[in-house]
Amino acid sequence: MTSPSNQTQALQRRSLDAVWHPCTQMARAEAVPPLPIARGEGPWLYDFEGQRYFDANSSWWVNLFGHADAAINAAIKHQLDTLPHVMLAGCTHEPAVRLAERLSARTGGALGHVFFGSDGASAVEIALKQSFHSWRNLGRSDKREFVCLQNGYHGETIGALAVTDVAIFRDAYDPLLMRAHIVTSPDSRLGNEAEALAAMRALLAERHDQIAAVIVEPLVQGAAGMVMHSPNYLRQLRAMTREFGVHLIADEIAVGCGRTGQFFAWEHVSPRPTGTPSAPRGGAAAFGSGPAGDRDTQPPQGQDWPDFILLSKGITAGTLPLSLVLTTDAVYRAFWSDDVKRGFLHSHSYTGNALACAAANAVLDRFDAGQIERNAEQASLLMEAFAPLGQCSRVEQLRQQGMILAFDVVDAPSGFAEAFHLAARRHQLLIRPIGRTVYLMPPYLIDAATAAWLAAAVRATLCDLFPDVA
Ligand SMILES: *Cc1c(COP(=O)(O)O)cnc(C)c1O
(Lines of atoms letter the chains of each structure in order from A and count residues from 1; the text may use other names and numbers.)
(Lines give C-alpha, C1' and ligand atoms only; values in the text may rest on other atoms or scores of the structure.)
Protein backbone atom coordinates (compact mmCIF):
# COMPACT_ATOMS: atom_id res chain seq x y z
CA MET A 1 0.00 0.00 0.00
CA THR A 2 1.08 3.54 -0.62
CA SER A 3 1.90 5.60 2.43
CA PRO A 4 -0.90 7.79 3.75
CA SER A 5 -1.31 11.29 2.39
CA ASN A 6 -0.59 14.42 4.35
CA GLN A 7 -4.32 14.93 4.87
CA THR A 8 -4.69 11.52 6.52
CA GLN A 9 -1.59 11.99 8.65
CA ALA A 10 -2.61 15.47 9.74
CA LEU A 11 -6.04 14.29 10.87
CA GLN A 12 -4.51 11.36 12.74
CA ARG A 13 -2.11 13.71 14.53
CA ARG A 14 -4.84 16.17 15.48
CA SER A 15 -7.03 13.31 16.68
CA LEU A 16 -4.29 11.85 18.86
CA ASP A 17 -3.59 15.29 20.31
CA ALA A 18 -7.20 16.34 20.99
CA VAL A 19 -9.46 13.27 21.08
CA TRP A 20 -9.30 10.74 23.88
CA HIS A 21 -10.48 7.67 21.98
CA PRO A 22 -12.86 5.15 23.60
CA CYS A 23 -11.77 1.69 24.63
CA THR A 24 -8.19 2.55 23.63
CA GLN A 25 -4.78 2.61 25.29
CA MET A 26 -3.71 5.96 23.88
CA ALA A 27 0.00 5.09 24.07
CA ARG A 28 -0.77 2.20 21.74
CA ALA A 29 -2.76 4.50 19.44
CA GLU A 30 0.48 6.35 18.61
CA ALA A 31 1.76 3.16 16.98
CA VAL A 32 -1.59 2.19 15.45
CA PRO A 33 -3.31 5.52 14.75
CA PRO A 34 -7.08 5.67 14.16
CA LEU A 35 -8.24 5.29 10.56
CA PRO A 36 -9.65 8.62 9.34
CA ILE A 37 -13.00 8.06 7.63
CA ALA A 38 -14.17 10.63 5.13
CA ARG A 39 -17.65 9.33 4.37
CA GLY A 40 -19.93 6.31 4.44
CA GLU A 41 -22.28 4.84 1.90
CA GLY A 42 -24.21 1.61 2.33
CA PRO A 43 -21.97 -0.95 4.07
CA TRP A 44 -18.83 0.89 2.94
CA LEU A 45 -16.64 3.40 4.74
CA TYR A 46 -14.24 5.50 2.66
CA ASP A 47 -10.94 6.95 3.83
CA PHE A 48 -9.11 9.96 2.40
CA GLU A 49 -6.90 7.75 0.26
CA GLY A 50 -9.74 6.51 -1.92
CA GLN A 51 -9.76 3.14 -0.11
CA ARG A 52 -13.03 1.60 1.00
CA TYR A 53 -13.75 -0.77 3.86
CA PHE A 54 -16.72 -3.04 4.49
CA ASP A 55 -18.13 -2.18 7.92
CA ALA A 56 -18.32 -5.78 9.15
CA ASN A 57 -19.35 -4.92 12.70
CA SER A 58 -21.83 -2.20 11.75
CA SER A 59 -19.76 0.46 13.55
CA TRP A 60 -20.03 -1.27 16.93
CA TRP A 61 -23.32 -2.98 16.19
CA VAL A 62 -25.42 0.11 15.53
CA ASN A 63 -25.55 0.59 11.78
CA LEU A 64 -28.35 -1.70 10.62
CA PHE A 65 -29.04 -0.39 7.12
CA GLY A 66 -25.70 0.98 5.99
CA HIS A 67 -24.34 4.48 6.20
CA ALA A 68 -26.34 7.50 5.04
CA ASP A 69 -29.53 5.51 4.40
CA ALA A 70 -31.86 7.77 2.41
CA ALA A 71 -35.14 6.96 4.20
CA ILE A 72 -33.72 7.30 7.70
CA ASN A 73 -31.92 10.50 6.76
CA ALA A 74 -35.15 11.91 5.30
CA ALA A 75 -37.05 11.14 8.52
CA ILE A 76 -34.40 12.94 10.56
CA LYS A 77 -34.31 15.93 8.20
CA HIS A 78 -38.08 16.27 8.35
CA GLN A 79 -38.02 16.15 12.14
CA LEU A 80 -35.13 18.62 12.22
CA ASP A 81 -37.23 21.20 10.43
CA THR A 82 -40.27 20.50 12.62
CA LEU A 83 -39.07 19.99 16.19
CA PRO A 84 -35.52 18.80 16.94
CA HIS A 85 -36.02 18.43 20.67
CA VAL A 86 -38.28 19.28 23.56
CA MET A 87 -38.03 18.08 27.14
CA LEU A 88 -40.21 15.11 27.94
CA ALA A 89 -40.99 16.22 31.49
CA GLY A 90 -44.15 18.30 31.29
CA CYS A 91 -44.20 18.08 27.46
CA THR A 92 -44.62 15.33 24.95
CA HIS A 93 -44.25 14.89 21.22
CA GLU A 94 -45.55 12.67 18.47
CA PRO A 95 -42.35 10.77 17.55
CA ALA A 96 -41.84 9.61 21.16
CA VAL A 97 -45.47 8.63 21.64
CA ARG A 98 -45.59 6.78 18.35
CA LEU A 99 -42.33 4.96 19.03
CA ALA A 100 -43.46 3.88 22.50
CA GLU A 101 -46.80 2.66 21.12
CA ARG A 102 -45.18 0.72 18.31
CA LEU A 103 -42.62 -1.01 20.53
CA SER A 104 -45.26 -1.84 23.09
CA ALA A 105 -47.43 -3.33 20.33
CA ARG A 106 -44.53 -5.55 19.35
CA THR A 107 -44.77 -7.13 22.81
CA GLY A 108 -48.52 -7.55 22.44
CA GLY A 109 -48.85 -4.85 25.14
CA ALA A 110 -47.05 -6.99 27.74
CA LEU A 111 -44.35 -4.31 28.08
CA GLY A 112 -46.58 -1.30 27.66
CA HIS A 113 -44.56 1.41 29.43
CA VAL A 114 -41.51 2.92 27.80
CA PHE A 115 -38.87 5.05 29.54
CA PHE A 116 -36.33 6.83 27.34
CA GLY A 117 -32.58 7.10 27.92
CA SER A 118 -29.71 8.23 25.77
CA ASP A 119 -27.34 5.32 25.38
CA GLY A 120 -27.16 1.68 26.34
CA ALA A 121 -25.55 2.12 29.71
CA SER A 122 -28.19 4.65 30.76
CA ALA A 123 -30.91 2.11 29.91
CA VAL A 124 -29.18 -0.43 32.14
CA GLU A 125 -29.00 2.09 34.98
CA ILE A 126 -32.68 2.92 34.54
CA ALA A 127 -33.76 -0.73 34.66
CA LEU A 128 -31.67 -1.47 37.76
CA LYS A 129 -33.11 1.57 39.52
CA GLN A 130 -36.69 0.83 38.44
CA SER A 131 -36.42 -2.76 39.62
CA PHE A 132 -35.02 -1.85 43.03
CA HIS A 133 -37.36 1.11 43.52
CA SER A 134 -40.47 -0.82 42.51
CA TRP A 135 -39.69 -3.51 45.09
CA ARG A 136 -39.04 -0.82 47.68
CA ASN A 137 -42.36 0.86 46.90
CA LEU A 138 -44.00 -2.53 47.45
CA GLY A 139 -42.44 -2.77 50.90
CA ARG A 140 -39.64 -5.08 49.82
CA SER A 141 -36.65 -2.78 50.31
CA ASP A 142 -34.42 -5.74 51.19
CA LYS A 143 -34.50 -6.70 47.53
CA ARG A 144 -31.50 -4.70 46.39
CA GLU A 145 -29.08 -7.26 44.95
CA PHE A 146 -28.58 -8.01 41.27
CA VAL A 147 -27.55 -11.12 39.41
CA CYS A 148 -25.65 -11.22 36.13
CA LEU A 149 -23.96 -13.88 34.06
CA GLN A 150 -20.30 -14.73 33.77
CA ASN A 151 -18.64 -12.78 30.94
CA GLY A 152 -21.79 -10.69 30.56
CA TYR A 153 -21.54 -7.09 29.37
CA HIS A 154 -23.98 -4.31 30.19
CA GLY A 155 -22.01 -1.09 29.72
CA GLU A 156 -19.37 1.05 31.35
CA THR A 157 -21.03 3.40 33.84
CA ILE A 158 -20.61 2.53 37.51
CA GLY A 159 -23.96 0.77 37.87
CA ALA A 160 -23.78 -1.03 34.54
CA LEU A 161 -20.19 -2.07 35.16
CA ALA A 162 -21.26 -3.63 38.47
CA VAL A 163 -23.33 -6.16 36.51
CA THR A 164 -20.62 -6.61 33.86
CA ASP A 165 -18.14 -9.47 34.10
CA VAL A 166 -15.45 -8.54 31.59
CA ALA A 167 -12.23 -8.24 33.56
CA ILE A 168 -10.44 -5.80 31.27
CA PHE A 169 -13.26 -3.26 31.56
CA ARG A 170 -14.12 -3.91 35.16
CA ASP A 171 -11.06 -4.69 37.25
CA ALA A 172 -9.65 -1.16 37.61
CA TYR A 173 -12.98 0.09 38.99
CA ASP A 174 -13.84 -2.91 41.11
CA PRO A 175 -13.41 -1.02 44.43
CA LEU A 176 -16.13 1.43 43.31
CA LEU A 177 -18.73 -1.11 42.26
CA MET A 178 -21.73 -2.51 44.09
CA ARG A 179 -21.47 -6.25 44.61
CA ALA A 180 -23.46 -8.31 42.13
CA HIS A 181 -23.86 -12.07 42.01
CA ILE A 182 -22.07 -13.49 38.96
CA VAL A 183 -23.50 -16.85 37.89
CA THR A 184 -22.29 -19.50 35.41
CA SER A 185 -23.34 -18.54 31.92
CA PRO A 186 -24.59 -21.06 29.40
CA ASP A 187 -22.20 -21.45 26.46
CA SER A 188 -23.15 -23.59 23.45
CA ARG A 189 -19.45 -24.45 23.03
CA LEU A 190 -19.34 -26.00 26.50
CA GLY A 191 -22.76 -27.65 26.55
CA ASN A 192 -23.21 -26.49 30.15
CA GLU A 193 -26.82 -25.29 30.10
CA ALA A 194 -28.05 -27.64 32.82
CA GLU A 195 -25.17 -26.63 35.08
CA ALA A 196 -25.85 -22.93 34.44
CA LEU A 197 -29.52 -23.37 35.30
CA ALA A 198 -28.69 -25.33 38.44
CA ALA A 199 -26.30 -22.60 39.61
CA MET A 200 -28.98 -19.95 39.04
CA ARG A 201 -31.59 -22.01 40.88
CA ALA A 202 -29.31 -22.51 43.86
CA LEU A 203 -28.64 -18.77 44.13
CA LEU A 204 -32.28 -17.73 43.71
CA ALA A 205 -33.44 -20.34 46.21
CA GLU A 206 -31.04 -18.99 48.80
CA ARG A 207 -31.25 -15.22 48.22
CA HIS A 208 -34.52 -14.39 46.46
CA ASP A 209 -35.61 -12.23 49.38
CA GLN A 210 -32.58 -10.01 48.76
CA ILE A 211 -32.46 -10.19 44.96
CA ALA A 212 -34.24 -7.54 42.88
CA ALA A 213 -33.42 -8.73 39.37
CA VAL A 214 -31.42 -10.96 37.07
CA ILE A 215 -29.98 -9.26 33.99
CA VAL A 216 -29.02 -11.21 30.84
CA GLU A 217 -28.14 -10.70 27.18
CA PRO A 218 -30.65 -13.01 25.48
CA LEU A 219 -29.21 -15.64 23.09
CA VAL A 220 -25.84 -13.98 22.46
CA GLN A 221 -23.35 -12.50 24.93
CA GLY A 222 -21.80 -10.05 22.51
CA ALA A 223 -18.79 -8.53 24.22
CA ALA A 224 -17.88 -11.92 25.70
CA GLY A 225 -17.06 -12.97 22.13
CA MET A 226 -20.45 -13.88 20.64
CA VAL A 227 -21.11 -16.60 23.20
CA MET A 228 -24.43 -18.23 22.35
CA HIS A 229 -27.07 -20.16 24.27
CA SER A 230 -30.45 -21.66 23.50
CA PRO A 231 -33.93 -20.19 23.93
CA ASN A 232 -34.56 -23.06 26.32
CA TYR A 233 -32.16 -21.52 28.83
CA LEU A 234 -34.14 -18.29 28.72
CA ARG A 235 -37.46 -20.10 29.00
CA GLN A 236 -36.24 -21.91 32.13
CA LEU A 237 -34.75 -18.70 33.52
CA ARG A 238 -38.06 -16.90 33.07
CA ALA A 239 -39.93 -19.68 34.86
CA MET A 240 -37.39 -19.70 37.66
CA THR A 241 -37.40 -15.92 38.20
CA ARG A 242 -41.22 -16.05 38.37
CA GLU A 243 -41.11 -18.92 40.84
CA PHE A 244 -38.80 -16.94 43.13
CA GLY A 245 -40.36 -13.49 42.62
CA VAL A 246 -37.34 -11.88 40.98
CA HIS A 247 -37.41 -9.47 38.02
CA LEU A 248 -35.84 -10.49 34.74
CA ILE A 249 -34.11 -7.79 32.66
CA ALA A 250 -33.44 -8.68 29.01
CA ASP A 251 -30.64 -6.47 27.77
CA GLU A 252 -31.36 -6.46 24.03
CA ILE A 253 -29.14 -3.44 23.37
CA ALA A 254 -26.99 -5.52 21.01
CA VAL A 255 -29.34 -8.37 20.07
CA GLY A 256 -32.57 -6.43 19.54
CA CYS A 257 -33.81 -4.83 16.30
CA GLY A 258 -33.75 -7.95 14.17
CA ARG A 259 -30.16 -8.96 14.83
CA THR A 260 -30.99 -12.50 15.97
CA GLY A 261 -33.68 -13.22 13.38
CA GLN A 262 -36.61 -11.74 15.29
CA PHE A 263 -37.27 -8.12 16.19
CA PHE A 264 -36.76 -8.92 19.88
CA ALA A 265 -34.41 -11.81 20.64
CA TRP A 266 -36.97 -12.76 23.26
CA GLU A 267 -39.42 -13.71 20.51
CA HIS A 268 -37.35 -16.86 20.01
CA VAL A 269 -38.12 -17.92 23.54
CA SER A 270 -41.72 -18.98 23.38
CA PRO A 271 -43.25 -21.53 21.12
CA ARG A 272 -45.40 -20.23 18.31
CA PRO A 273 -49.07 -20.04 19.25
CA THR A 274 -50.81 -23.12 17.89
CA GLY A 275 -52.82 -22.71 14.73
CA THR A 276 -50.49 -20.11 13.20
CA PRO A 277 -48.86 -21.23 9.98
CA SER A 278 -45.12 -21.56 10.26
CA ALA A 279 -43.02 -19.12 8.31
CA PRO A 280 -39.76 -19.65 6.41
CA ARG A 281 -36.61 -20.04 8.47
CA GLY A 282 -36.26 -17.10 10.81
CA GLY A 283 -32.59 -16.59 10.08
CA ALA A 284 -31.94 -17.84 13.55
CA ALA A 285 -30.37 -21.13 12.64
CA ALA A 286 -26.91 -21.79 13.96
CA PHE A 287 -24.62 -24.17 12.15
CA GLY A 288 -26.04 -27.56 13.00
CA SER A 289 -28.47 -26.36 15.63
CA GLY A 290 -30.61 -23.39 16.35
CA PRO A 291 -34.08 -22.27 17.13
CA ALA A 292 -36.72 -22.06 14.48
CA GLY A 293 -37.86 -18.54 13.78
CA ASP A 294 -41.10 -16.96 12.75
CA ARG A 295 -42.34 -13.67 11.37
CA ASP A 296 -42.66 -10.12 12.55
CA THR A 297 -46.00 -8.97 11.30
CA GLN A 298 -48.33 -9.73 14.22
CA PRO A 299 -47.55 -9.11 17.85
CA PRO A 300 -46.25 -12.35 19.28
CA GLN A 301 -48.74 -14.15 21.49
CA GLY A 302 -48.40 -16.64 24.28
CA GLN A 303 -44.98 -15.35 25.20
CA ASP A 304 -43.79 -15.15 28.78
CA TRP A 305 -42.02 -11.83 28.46
CA PRO A 306 -39.27 -10.55 30.76
CA ASP A 307 -40.10 -7.70 33.17
CA PHE A 308 -37.81 -5.32 31.27
CA ILE A 309 -36.45 -5.17 27.75
CA LEU A 310 -33.67 -2.71 26.93
CA LEU A 311 -32.99 -1.38 23.44
CA SER A 312 -30.36 0.97 22.07
CA LYS A 313 -27.61 0.60 19.43
CA GLY A 314 -29.57 -0.46 16.31
CA ILE A 315 -32.79 1.31 17.24
CA THR A 316 -31.71 4.46 15.36
CA ALA A 317 -29.65 2.47 12.83
CA GLY A 318 -26.44 4.25 13.73
CA THR A 319 -27.63 7.82 13.39
CA LEU A 320 -28.36 9.24 16.84
CA PRO A 321 -27.98 8.03 20.43
CA LEU A 322 -31.19 6.70 21.96
CA SER A 323 -32.10 3.97 24.42
CA LEU A 324 -35.36 2.63 25.75
CA VAL A 325 -36.51 0.64 28.75
CA LEU A 326 -39.75 -1.24 28.18
CA THR A 327 -41.51 -2.54 31.25
CA THR A 328 -44.73 -4.03 32.54
CA ASP A 329 -47.85 -2.60 34.06
CA ALA A 330 -46.90 -4.25 37.37
CA VAL A 331 -43.61 -2.34 37.60
CA TYR A 332 -45.25 0.88 36.44
CA ARG A 333 -48.09 0.55 38.97
CA ALA A 334 -45.61 0.19 41.82
CA PHE A 335 -44.64 3.86 41.28
CA TRP A 336 -48.23 5.15 41.03
CA SER A 337 -48.88 7.28 44.10
CA ASP A 338 -49.89 10.65 45.54
CA ASP A 339 -46.36 10.78 46.93
CA VAL A 340 -43.89 12.39 44.51
CA LYS A 341 -40.99 10.48 46.07
CA ARG A 342 -42.53 7.16 45.08
CA GLY A 343 -42.33 8.23 41.44
CA PHE A 344 -39.39 7.47 39.17
CA LEU A 345 -37.60 10.82 39.32
CA HIS A 346 -34.92 9.92 36.82
CA SER A 347 -34.01 11.92 33.72
CA HIS A 348 -31.36 12.68 31.16
CA SER A 349 -31.27 16.01 29.33
CA TYR A 350 -31.89 14.41 25.95
CA THR A 351 -34.49 11.92 27.18
CA GLY A 352 -36.78 11.03 24.29
CA ASN A 353 -34.98 13.30 21.83
CA ALA A 354 -37.33 13.92 18.91
CA LEU A 355 -34.71 13.52 16.17
CA ALA A 356 -33.63 10.17 17.58
CA CYS A 357 -37.25 9.04 17.96
CA ALA A 358 -37.93 10.00 14.33
CA ALA A 359 -34.95 7.90 13.25
CA ALA A 360 -36.21 4.99 15.36
CA ASN A 361 -39.68 5.23 13.81
CA ALA A 362 -38.04 5.04 10.37
CA VAL A 363 -36.23 1.89 11.55
CA LEU A 364 -39.53 0.36 12.68
CA ASP A 365 -41.02 1.18 9.26
CA ARG A 366 -38.45 -1.22 7.78
CA PHE A 367 -39.52 -3.97 10.17
CA ASP A 368 -43.18 -3.31 9.38
CA ALA A 369 -42.25 -3.90 5.74
CA GLY A 370 -40.67 -7.35 5.89
CA GLN A 371 -37.19 -6.80 7.32
CA ILE A 372 -37.33 -10.01 9.35
CA GLU A 373 -37.94 -12.04 6.20
CA ARG A 374 -35.09 -10.23 4.43
CA ASN A 375 -32.81 -10.95 7.39
CA ALA A 376 -33.70 -14.63 7.23
CA GLU A 377 -32.54 -14.76 3.62
CA GLN A 378 -29.41 -12.78 4.37
CA ALA A 379 -28.55 -14.99 7.33
CA SER A 380 -28.73 -18.12 5.20
CA LEU A 381 -26.57 -16.50 2.51
CA LEU A 382 -23.96 -15.78 5.16
CA MET A 383 -24.19 -19.32 6.47
CA GLU A 384 -23.73 -20.83 3.01
CA ALA A 385 -20.78 -18.59 2.20
CA PHE A 386 -18.97 -19.23 5.48
CA ALA A 387 -19.70 -22.95 5.86
CA PRO A 388 -16.56 -24.02 3.91
CA LEU A 389 -14.41 -21.96 6.28
CA GLY A 390 -15.54 -24.32 9.03
CA GLN A 391 -13.27 -26.98 7.46
CA CYS A 392 -10.20 -24.77 7.87
CA SER A 393 -7.73 -26.15 10.42
CA ARG A 394 -7.45 -22.74 12.12
CA VAL A 395 -11.22 -22.34 12.54
CA GLU A 396 -13.36 -23.88 15.25
CA GLN A 397 -16.81 -23.34 16.73
CA LEU A 398 -18.26 -21.65 13.66
CA ARG A 399 -21.63 -20.42 14.92
CA GLN A 400 -24.44 -18.16 13.89
CA GLN A 401 -27.54 -16.56 15.33
CA GLY A 402 -29.38 -14.62 12.66
CA MET A 403 -27.16 -11.77 11.49
CA ILE A 404 -24.34 -12.61 13.90
CA LEU A 405 -21.69 -15.02 12.66
CA ALA A 406 -18.60 -15.98 14.64
CA PHE A 407 -15.79 -18.48 14.88
CA ASP A 408 -12.80 -19.02 17.15
CA VAL A 409 -9.25 -19.17 15.85
CA VAL A 410 -7.19 -22.18 16.92
CA ASP A 411 -3.83 -21.37 18.55
CA ALA A 412 -4.20 -17.65 18.08
CA PRO A 413 -1.00 -15.88 19.16
CA SER A 414 -1.09 -12.96 21.57
CA GLY A 415 -1.93 -9.74 19.76
CA PHE A 416 -4.08 -11.72 17.33
CA ALA A 417 -7.10 -9.39 17.39
CA GLU A 418 -5.10 -6.31 16.39
CA ALA A 419 -3.03 -8.21 13.81
CA PHE A 420 -6.20 -9.59 12.21
CA HIS A 421 -7.84 -6.17 12.22
CA LEU A 422 -4.86 -4.58 10.46
CA ALA A 423 -4.41 -7.43 7.96
CA ALA A 424 -8.13 -7.34 7.11
CA ARG A 425 -7.94 -3.65 6.22
CA ARG A 426 -5.68 -4.61 3.30
CA HIS A 427 -8.61 -6.73 2.08
CA GLN A 428 -11.08 -3.82 2.38
CA LEU A 429 -12.58 -5.28 5.52
CA LEU A 430 -13.10 -3.37 8.77
CA ILE A 431 -13.40 -6.03 11.44
CA ARG A 432 -12.38 -6.20 15.09
CA PRO A 433 -12.02 -9.65 16.63
CA ILE A 434 -12.67 -10.08 20.36
CA GLY A 435 -9.72 -12.07 21.68
CA ARG A 436 -9.48 -15.07 19.37
CA THR A 437 -13.10 -14.81 18.23
CA VAL A 438 -13.62 -13.38 14.75
CA TYR A 439 -17.17 -12.22 14.19
CA LEU A 440 -19.34 -10.46 11.67
CA MET A 441 -22.29 -8.36 12.69
CA PRO A 442 -22.86 -6.72 9.31
CA PRO A 443 -25.46 -4.21 8.15
CA TYR A 444 -28.62 -5.88 6.82
CA LEU A 445 -27.40 -5.41 3.25
CA ILE A 446 -26.13 -8.88 2.40
CA ASP A 447 -26.71 -10.42 -1.01
CA ALA A 448 -25.09 -13.57 -2.39
CA ALA A 449 -22.16 -11.72 -3.96
CA THR A 450 -21.45 -9.74 -0.78
CA ALA A 451 -21.61 -12.86 1.38
CA ALA A 452 -19.14 -14.65 -0.92
CA TRP A 453 -16.88 -11.60 -0.97
CA LEU A 454 -16.92 -11.40 2.85
CA ALA A 455 -16.03 -15.07 3.26
CA ALA A 456 -13.19 -14.68 0.75
CA ALA A 457 -11.87 -11.58 2.52
CA VAL A 458 -11.93 -13.33 5.91
CA ARG A 459 -10.17 -16.36 4.45
CA ALA A 460 -7.55 -14.19 2.75
CA THR A 461 -6.88 -12.43 6.05
CA LEU A 462 -6.44 -15.76 7.83
CA CYS A 463 -4.03 -16.83 5.07
CA ASP A 464 -1.98 -13.67 5.57
CA LEU A 465 -1.59 -14.40 9.29
CA PHE A 466 -1.24 -18.15 9.12
CA PRO A 467 0.76 -19.58 6.20
CA ASP A 468 -0.60 -23.04 7.09
CA VAL A 469 -4.13 -21.98 6.04
CA ALA A 470 -4.64 -23.12 2.48
C1 LIG B 1 -23.19 -1.91 23.98
C2 LIG B 1 -23.93 -2.57 25.07
C3 LIG B 1 -24.32 -1.88 26.22
C4 LIG B 1 -23.94 -0.45 26.49
O5 LIG B 1 -24.42 0.42 25.52
P6 LIG B 1 -23.69 1.85 25.33
O7 LIG B 1 -24.53 2.57 24.36
O8 LIG B 1 -22.32 1.51 24.79
O9 LIG B 1 -23.62 2.49 26.65
C10 LIG B 1 -25.08 -2.55 27.16
N11 LIG B 1 -25.42 -3.84 26.98
C12 LIG B 1 -25.06 -4.53 25.90
C13 LIG B 1 -25.50 -5.95 25.76
C14 LIG B 1 -24.28 -3.94 24.91
O15 LIG B 1 -23.88 -4.66 23.86
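Along the chain as shown, residues are numbered 1 onward.
Placement of Cβ uses the backbone N, Cα and C atoms for every residue, glycine included.
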If TrEMBL gives G120, A121, H348, S349 as binding pyridoxal 5'-phosphate, which of D47, D187, D209, D251 does it give for that site as well?
D251
Can you tell which of W44, W60, W266 TrEMBL lists as binding substrate with Y153, K313, S347, R432?
W60
Quick test of your reading of the structure: among the binding-site residues G120, A121, D251, S349, R432, whose CB sits under 6 A from ligand 1?
G120, A121, D251
Please report how many Å separate the Cα atom of K313 (substrate binding site) from that of G120 (pyridoxal 5'-phosphate binding site), as a whole number.
7
For a quick check of packing: other C-beta atoms within 10 Å of the C-beta of D251 (pyridoxal 5'-phosphate binding site), how many?
31
Between A121 (pyridoxal 5'-phosphate binding site) and Y153 (substrate binding site), how far is it from one CA atom to the other, in Å?
10
For D251 (pyridoxal 5'-phosphate binding site), the closest of the binding-site residues by C-alpha position, picking from W60, Y153, S347, R432, is Y153
